[in-house]
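Novice: I am attaching a structure below and will ask some questions about it afterwards.
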Amino acid sequence: MTLLELEDVTAFYESVQVLDGVSLSVPDQGAVGILGANGAGKTTTLRAISGTVRTGGRIVFDGKDIRGMRPDQVAALGIAHVPEGRGTLGDLTVRDNLRVGAYLRKDRKAVDTDIEYCLDLFPNLQDRITSNASALSGGEQQMLAVARGIMSKPRLLLLDEASLGLAPSTARNVYDAIHRLRTESGIAMLVVEQNANLAFTLVDSATVLETGRNVLTGTSAELRGMDEIRRAYLGG
Amino acid sequence: MEKFVQLVVDGLSTGSVYAALALAIVLVHSATGLINFAQGGMAVLAAYFAWWLTNQGLPLIVAILLSIVFSFVLGAAVERWLMRRFERGDPDTAIVVTVGLLTLITGIAGWLWSYNNQQFESLFPLDTVSFLGVSVSVRSIGTTLVIVAAMILLQLLFVRTKLGLALRAVAINPQSAAFSGLPVGRLLMVGWGLAAVLGAVAGALVAPRLTLTPGMLDNALVYALAAVILGGLTSPFGVVIAAWLIGVLENLAAVYVPFIGFDLKVAVPFILIFVVLLVRPQGLFGRKTVVRV
């Protein structure tokens, strides 16, 4: 069953068109990658879904057209956006960041259990639980950003460049934890990633964007090592 | 000695009014990054509303409570229908809008109720009580205690409640907060509403002493801004201490430093600001913004 469907989506910053007809679909419990060079429209595709950019076309989540909704309304439907640059709340402690993530939930006991789960998933955060988010390292902030996303118990996680600016081994750790999360929770994921090899460890299929439109879509096995992938990144 | 204690207690009471306005300014600033110059004007409007209600025969305390409700709605409405239009633009524009709002409100109040001084009943009796062996006015003590209570409630709201956590989250990063499902617009309205409530409390406390005029809180706003800078924009506790400091030092300087006197006492907070900005630019109690990269 399809959880999220984008059909011919366009997006604009002021009058500049950034997406020029992007289509993709994410199956329930599936994980799909969005690959492409800088400026191809990967981040904007996620922003179109979470309602932070003006869009055209059709965006359907769980049978409901969500195009034009506000970000908080989209979040309330069960879509958690872990933005590029992490978006952690610097002046709040790690625990408060996680509590903000669970803002819409009423089940207080289960929230505490889920905080424990996040700390188990990202053990680095355990020792920093009372630190302000701004005092964390880049890798820890990224872990916190993902953890905050899953605290809302989403059905779909939008993950933007989770490896950006991290040391290769740290990026690995983050992706390993997300992989474990995927296996254990069944949360569907739409993953934007510069590092295609890292993305392929997580996603079942991917689409490649070039100047705001899809140029190639396939399963991870098909896409791995294809020339188009290399071309899309290197522009050659 | 009697004179000294009386000056200190009166200073605390005046300082408390500055403190209430300063807290309102800090509240709006922490929610929106904006200094609301109309904070005093909105408080005056609330005071006029309470005064008008007492003229309709309502008891003072009921009138003040209703004016507090009115202020909450006014603050929320100002955010929703005025400030939100300028939210994504240049912050300087938004600040000029608040200055415009102050002028507008003052004009409306003058037009509706004239610029003449109106008598505003005091919540506290005009008696004095014995304190440290000297007599001080009940009004000064009452004003100070109300502000202490407001400060504690505000602190509890921010640190202990889910609403407070949400307000802080929106202040730090509205977009990120929205990604977690926080209704950013509604929370901003609540923030502006709460700030207006603090203003209304300040207005009701000071109106009996200054008598009610449209420009009643213009001076207090200047002192409140001084307290905000002195105490640090990030510290509700700090601005209250700073506001008291200003109130007390100003009183003492006027009496005990001959060349300052009552005419120059307005300069005292600014001398303080000057020194503080030189030595501790983040304010006495503010935090330095530290960013790890």
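Keep in mind that glycine also has a Cβ here, set from the backbone N, Cα and C atoms.
Caution: TrEMBL annotation is automatic and unverified by curators.
Small disclaimer: the values here were computed from a predicted structure and weren't measured.
Marked as transmembrane segment by TrEMBL: B:6-27, B:60-82, B:94-114, B:134-158, B:190-208, B:220-247, B:253-279.
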Novice: Would you mind listing the long-range same-chain contacts of the transmembrane segment (B:94-114), meaning Cβ under 8 Å and 6+ residues beyond its ends?
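Specialist: The answer is 34-38, 40-42, 44-45, 48, 51-52, 78, 82-83, 86-87, 212, 214-215.
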Novice: Quickly jot the same-chain residues contacting the transmembrane segment (B:190-208) by Cβ under 8 Å, restricted to those at least six beyond its ends, or write none.
Specialist: 16-17, 20-21, 23-25, 27-28, 31-32, 36, 39-40, 42-44, 46-47, 50-51, 64, 67-68, 70-76, 78-79, 83, 120-123, 139, 143, 146-147, 150, 154, 157, 163, 167, 170-171, 216-217, 220
Novice: The transmembrane segment (B:134-158): which same-chain residues, six or more beyond its ends, come within Cβ distance under 8 Å?
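Specialist: Same-chain residues near the transmembrane segment (B:134-158) but 6 or more away: 1-2, 5-6, 9-10, 12-13, 16-17, 19-20, 23, 27, 122-128, 164-165, 167-168, 194, 198, 201, 205, 208-209, 236-237, 240.
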Novice: Let me spell it out: take the transmembrane segment (B:60-82), skip the flanking residues so only those 6+ beyond its ends count, and list any with a Cβ under 8 Å from a Cβ in it.
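Specialist: Contacts of the transmembrane segment (B:60-82) (Cβ under 8 Å, skipping residues fewer than 6 from its ends): 38, 42-43, 45-47, 49-51, 53-54, 97, 101, 121, 123, 185, 188-197, 199-201, 203-204.
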